[in-house]
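Engineer: According to TrEMBL, the feature transmembrane segment maps to 23-42, 84-107, 114-134, 140-161, 173-191, 203-224, 286-312, 324-345, 352-374, 386-406, 427-447, 453-474. The annotation domain 'Major facilitator superfamily (MFS) profile' is assigned in TrEMBL to 29-478.
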Amino acid sequence: MAGGFAEGGGPAKRAHLYEHKTTWYFVLACLVASLGGSLFGYDLGVSGGVTSMDDFLLDFFPDIYKRKHSHLNETDYCKYDNQMLTLFTSSLYFAALVATFGASYVTRNKGRRASILVGGVSFFLGAVLNAAAVNIEMLIIGRILLGFGIGFGNQAVPLYLSEISPAKMRGAVNQLFQLTTCLGILVANLINYGTEQIHPWGWRLSLGLATIPATLMFVGGLFLPETPNSLIEQGRPEEGRRVLEKIRGTGNVQAEFEDLVDASREAQAVKNPFRNLLRRKNRPQLVIGALGIPAFQQLTGMNSILFYAPVIFQSLGFGSSASLYSAVISNAALVVAALISMALVDRFGRRAFFLEAGAEMILCMIGVATILALEFGEGKEISKGLSVFLVILIFLFVLAYGRSWGPLGWLVPSELFPLETRSAGQSVVVCVNMLFTALIAQCFLVSLCHLQWGIFVLFGSLVVVMSLFIFFLLPETKQVPIEEIYLLWDNHWFWKSIVKEDVDQEKASK
């Protein structure tokens, strides 16, 4: 199924001439840039925990607090079904969806580093406003500012990491974004576990501490080098070459530099990159990278589990503190999985991780649905043994997701687009990702209430669909130079006829 390099001509002849050494300058640039993931991760982890804290519910959602502590004869799946509560979470992702188009302009014209700085400032302001909130309006405005920060950060950071990395290390380096996301989630859950004991303002501390990763990203961003790709695209080739030599640790970068210049020349000829995305030669990137993978990443159901892990475990009868503790265990699996993926993805490839982990996720979803269908709801309590088994299944699901759709959902789209559509393509990636994140965040609790255990059957079925999507349509991209990925489509069984027709038409018009 995997594509390959085209025969003859062009930049494909230069890839074997690329040289690099791992330098401290390169390592530090990657670590600083990857802090952008901690913003996304911290918010994912903190929002679910805060919405299960009694003090927060008393201040903003007293009806949910009363329902939570009463003994109404309602299904246990419906304790937290409230559209305003889910709007608190999903408003951030709708804001990120809008912000990413502004981020596309900044990223292409001012550089990846500029978007990282803007994202840090916006996230900081949102965190301050959330921590000081006295009404729902302040909460929502703060969430919107956080969303702008995430929109800019998620648009720029994966691109930055992919562009600055040598081809043989791109998978591992790009997944620093996922690792810092996972660490952000884990740290947020640990903080929630502690602040829950601080009454009545512990939730304010949880939300306000989001200023720390925002500050680190902004201050670190001031010292980041711009990527060579971006500098050359902005018409600064001499500076681009100097940075390339510095991050590669060698002066012998002529072959790679010439490929970047060629890619930049093509990019400058494109006046409307969003319209260019619709061309047949970019159809694989549009379908797989911009639409399919970011949508499917959310349709695994993983972010729903992350948002509401404390709520889910509390609904299962674990108690308030136990629910946060259980969420910490689940999110520790994300960190372990990210490390596994970083170590092995450039050896075994993207497709292998997608497909192997997909099979595990399907089995785990079936197991969770079966237990909930037979043993939970309508006042029934799950036995201690089955509760532990349920947590293990969720842990295994998170471990599978965390080494496949989690990191690869950002890695693969960021490496598929050619330079002329890269910033536009990444904007569509973030837009689609945030749209589905917001919709699922907004719909998950009401769906859990009405579909009950069937929601996990639905997510399991979707994992089957997305695994088939990867099997048939995605070629292997491991260790392929980022400016030569487009050559893979020429030999792919499905895409080659589509992209060839557009190239033939382009030649005929000339």
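Cβ atoms here come from the backbone N, Cα and C positions, even for glycine.
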Engineer: For the transmembrane segment (427-447), find every same-chain residue at least 6 residues outside the stretch whose CB is under 8 Å from a CB in it, and list them.
Structural biologist: 80-83, 85-87, 89-94, 96-97, 100-101, 103-104, 107, 147, 150-151, 154-155, 274, 277, 286, 289-291, 293-295, 297-299, 301, 303-304, 307-308, 311, 409, 413-414, 455
Engineer: Taking the transmembrane segment (203-224) as reference, which of 23-42, 173-191, 324-345, 386-406, 453-474 has the most Cβ pairs under 8 angstroms?
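Structural biologist: Per the Cβ count, the answer is 23-42.
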Engineer: Counting Cβ pairs under 8 Å that are 6 or more apart in sequence, does the total for the transmembrane segment (140-161) and the transmembrane segment (84-107) reach three or more?
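Structural biologist: Judged by the Cβ rule, the two regions touch, with the required three close pairs present.
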